[in-house]
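All remarks here apply to the structure that follows.
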Amino acid sequence: MASAALICGTEQWKALQAHVGAIQKTHLRDLMADADRCKAMTAEYEGIFLDYSRQQATGETMEKLLKLADAAKLKEKIEKMFKGEKINSTENRSVLHVALRAPRDAVINSDGVNVVPEVWSVKDKIKQFSETFRSGSWVGATGKPLTNVVSVGIGGSFLGPLFVHTALQTDPEAAECAKGRQLRFLANVDPVDVARSIKDLDPETTLVVVVSKTFTTAETMLNARTLKEWIVSSLGPQAVAKHMIAVSTNLKLVKEFGIDPNNAFAFWDWVGGRYSVCSAVGVLPLSLQYGFPIVQKFLEGASSIDNHFYSSSFEKNIPVLLGLLSVWNVSFLGYPARAILPYSQALEKLAPHIQQLSMESNGKGVSIDGAQLSFETGEIDFGEPGTNGQHSFYQLIHQGRVIPCDFIGVVKSQQPVYLKGETVSNHDELMSNFFAQPDALAYGKTPEQLHSEKVPENLIPHKTFKGNRPSLSLLLPTLSAYEVGQLLSIYEHRIAVQGFIWGINSFDQWGVELGKSLASQVRKQLHGTRMEGKPVEGFNHSTSSLLARYLAVKPSTPYDTTVLPKV
């Protein structure tokens, strides 16, 4: 395909390229002095407040970005997604995670069929099962109620549900509903992760949820077989049907594994793994822990942002504005990374989830039509809750590389603490930093200011902060299940907007396949050498040397012996 078909060939893209020089001559100190500009660079929806005035952008920049959105046919692409058109063209699939949280009476089609009734059928099944489970009516093989859940999955089957679970653990309403229960996640095939996931758990009171659409995911199924052995070795083979359930569409393999197909919960090809937290992948384990009503509030929060994203004008559309600013930072200003900085410990797993969501979605080098891109896409996402990150990597953000930052704050703490005699509450202390850091990045500190403070001359260069480092602030009113759902949906749609503008497919992930196929070759080699003494062959010198070193140490346990982890 000719490069002219790419977004970078449009007049709107070229206008932004020409605009970069003017922006590079400005400083955020000066831009922030314009109160009208600062007021204009905000958006609000249902109490969620976005302030992007500390971005290296002017009103003219935003006008040009909105024109770029029109050139990229952003509105049309959003409508196609919501209407169930197969915008994931490389896999010939619809992209309908919005249907997972749509109201019961909504109509969202895929292949001409409204998928919403089927979604609600699965949710109703989850609701019924979770109520039976939580009431104590569902008992294990020895007649004891099950109070522990281990969810086995990887990638999107793990990171999204873990983020939501971690955010809800300290929400008063959700925590009350979860009393006396444990939810753990097992993702890595490393046996250490198995050991940690079952440490201090009793198979008699534990339910294992195996999450694999095809029931063939290598890491997940090995972990599932390991936990099956853990259950069987303690309770016998008949216990599997009472202590293991599945989220899968492959009922044949589910049954062969020993799980009752009636206890398998479906999801669909139009749900990508990293977008699946609102499907049975997340809804089932979270409902077992917190009860379906809490999870439904989470889904309603996500749905509220879906409506905002679909209906609001781009000028005040939070996900659209965030997506456009990311395109500006990456493709025009040349910033390759983004720091996600929630000033809420409850959001400690947000950055890892967004890391997968963003980097797997937009880490592409060709257009949706297969044309090589001549511009950068995607960001390197990382982050840590404040104020922990301030004592970790903020040094680089302040005085090293320029990294745009997302500051996320919450007005009302989940767990307020105030000590008599203290100047401020614990939450106010946290939020003091939330409000200060964006200004520190924007304004910096000049040599003149340091001289006026009588700083020794030899320290002036070390204590100078250039400033002009972009950030945005997202302020949530509180952090209940509803707001957690809203935050998830904001980032999901922001990332989609970026992909729509860049003209890439944000909903496939071919980059994960090559490593898998090469690992299969290594797996055969390890088995052949361990069991039959076959020499290492068929690899390059480096890999052969590494394999030889690894295989030179015999395993502590023979391959024909079952050994389970002990911690």
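Yeah, the Cβs are placed from backbone N, Cα and C, and that goes for glycine too.
Residues or ranges marked as active site, proton donor by Swiss-Prot: E360. Swiss-Prot lists H391, K516 with the feature active site.
For the recorded site, E360 (active site, proton donor), the DSSP three-state label reads helix. Note: the CA-CA distance between H391 (active site) and E360 (active site, proton donor) rounds to 29 Å. In the three-state DSSP scheme, K516 (active site) falls into the helix class. Sequence-distant contacts of E360 (active site, proton donor), defined as residues of its own chain at least six apart whose C-beta falls under 8 angstroms from its C-beta, comprise R274, Q509, G511, V512.
Packing around H391 (active site) is summarised by its Cβ count: 10 other Cβ atoms lie within 10 angstroms of its Cβ, all protein chains included. Contacts of K516 (active site) defined by a Cβ separation under 8 A and a same-chain sequence distance of 6+ are given as A218, in order along the sequence.
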